Amino acid sequence: MKYSGYHLVIDLFGCNFDQLENTEYIIEMLKKLARALDTKIVAKAFHKFHPQGFSGALIISESHITIHTWPEDAYIGIDIFTCSKCFDPRKIVAYLKENLIFKKVEIKEILRGKID
C-alpha cells in the first residue's frame with residue numbers, strides 16, 4: 001500500500017520551563033532537527049506569545065516541521081510531516097532527549113493520503 005505522506009505527532013510532557021522560554025534555543029534546536037533529518041529548509045516562521053509560549057514552523061522541501069510550547073503546562077507539541085518515510089522516529093526521540101529536558105514522550109505515527 002502506498003501513501004502520500006507520513007505524519008509524526010510528538011507530545012512532550014514535564015518539560016523544563018526555563019528551556020521552553022528560551023526561544024533562541026528552541027529555534028536553533030528546531031533547525032538542527034531539520035538538518036539531522038537531512039531536509040532542506042525553504043521557509044520559516046516563529047512567534048513568541050506573551051506572557052509565555054512559542055510557536056514555530058519550518059517549511060521543508062519534503063513538507064513541514066512545527067513546534068508549539070506551553071511553558072505553563074510544561075508541554076511541547078511537535079509535528080513532522082513529510083511526503084516520504086525518510087526518518088526513523090526512534091532517532092528523532094533520541095535527538096529530542098539530547099536537546100530538551102522532559103519526563104514523558106508520546107508519539108503517534110499517521111500514514112496520510114492512501115493511494116489505491
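Cβ coordinates come from backbone N, Cα and C, glycine included.
According to Swiss-Prot, the features are:
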type	residues	note
ACT_SITE	S63	active site, schiff-base intermediate with substrate
MOD_RES	S63	pyruvic acid (Ser)
ACT_SITE	H68	active site, proton acceptor
ACT_SITE	C83	active site, proton donor
### Message
According to DSSP, collapsed to three classes, what secondary structure does the residue listed as 'active site, proton donor' have?
### Response
coil
### Query
For the residue listed as 'active site, proton donor', which residues in the same chain are close in space, meaning a Cβ under 8 Å from its Cβ, but six or more apart along the sequence?
S4, G5, Y6, E62, S63
### Task
Tally every other Cβ atom lying within 10 Å of the Cβ atom of the residue listed as 'active site, schiff-base intermediate with substrate'.
18
### Task
Report the same-chain neighbours of the residue listed as 'active site, proton acceptor': residues 6+ apart in sequence with Cβ closer than 8 Å to its Cβ, ordered by sequence.
G53, F54, S55, I76, G77, I78
